[in-house]
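One structure, as structure tokens, below. Some questions next.
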Amino acid sequence: MASFISFLLLAALIGMASWQAIAAEPSPLQDFCVADLNSAAVRVNGFACKNPTNVSADDFFKAAMLDKPRDTVVNKVGSNITMINVMEIPGLNTLGISIVRVDYAPLGLNPPHTHPRATEIFTVLEGTLYVGFVTSNPDNKLFSKVLNKGDVFVFPKGLIHFQFNLDPHKPAVATSAISSQNPGIITIANAVFRSNPPISDDILAKAFQVDKKIIDLLQA
């Protein structure tokens, strides 16, 4: 009997651990919870639900024109990211998914970044891209691959990853499904060298083991 009780306790503990391991954004408890983006009175993890009687098909729709090329001269790295998340489609609230289109200039880069709240499944629509992600400490192992049109690659949740257009003459296009209504994005260079207020030169110089003048140059 004692061994049976021990078995039940072990099973319960494993069940609790498994639940915590797979927990991400909470599952919906109704058909939908359209985000009330104008709600200032209610503070929740996500957005408060819009009154269902005021919900329409437009809450689940956006004429995003994801089939149209984007301008890739908008920044020095040569990429343009179009994110469709809960801020663009309120009906995504609590559904745990977003979609992204990424346009790359020739030799364009989507620089190293992370999505703190989501896994990303990435598909190349046009072009050839070198992509990769880096594992956490202490290994910091790089997993990378050259992708062609139609290829798919996964970036695990929270890990630093990047994409680079290898073609010096042709643009590239990709799309991603992301496992959060609001995945967030932290571009590593911006977070470290362009934080507001700035991280101390002394801290960055020691962290990167370089002269403070190099840190000043990077921050500029």
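Cβ coordinates come from backbone N, Cα and C, glycine included.
Quantities reported herein were computed from a predicted structural model and do not represent experimental measurements.
Taken from TrEMBL, the feature oxalate binding site covers Asn110, His115, Glu120. According to TrEMBL, the Mn(2+) binding site annotation covers His113, His115, Glu120, His161. Look at TrEMBL and you will find Cys33-Cys49 tagged as disulfide bond. Positions annotated as domain 'Cupin type-1' by TrEMBL: 64-216. Here TrEMBL flags 1-23 as signal peptide.
Tell me what's around each of these sites.
His115 (oxalate binding site): 24 other CB atoms within 10 A of its CB, across all protein chains.
Less than 8 angstroms from the CB of His113 (Mn(2+) binding site) sit Ile160, His161, Phe162, Ile185, Ile186, Thr187, Ile188, each of them six or more residues away in the same chain.
On its own chain, Cys33 (disulfide bond) has Phe47, Cys49, Lys50, Asn93, Thr94 as residues at least 6 apart in sequence with a Cβ closer than 8 Å to its own Cβ.
Taken together, the residues in the domain 'Cupin type-1' (64-216) have a mean pLDDT of 96 on the 0 to 100 scale.
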Residues with Cβ closer than 8 Å to the Cβ of Asn110 (oxalate binding site), same chain and 6+ apart in sequence?
Val77, Ser79, Ile81, Val102, Tyr104, Phe162, Gln163, Phe164
Over all shown protein chains, what is the count of other CB atoms within 10 A of the CB belonging to His161 (Mn(2+) binding site)?
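That number is 22.
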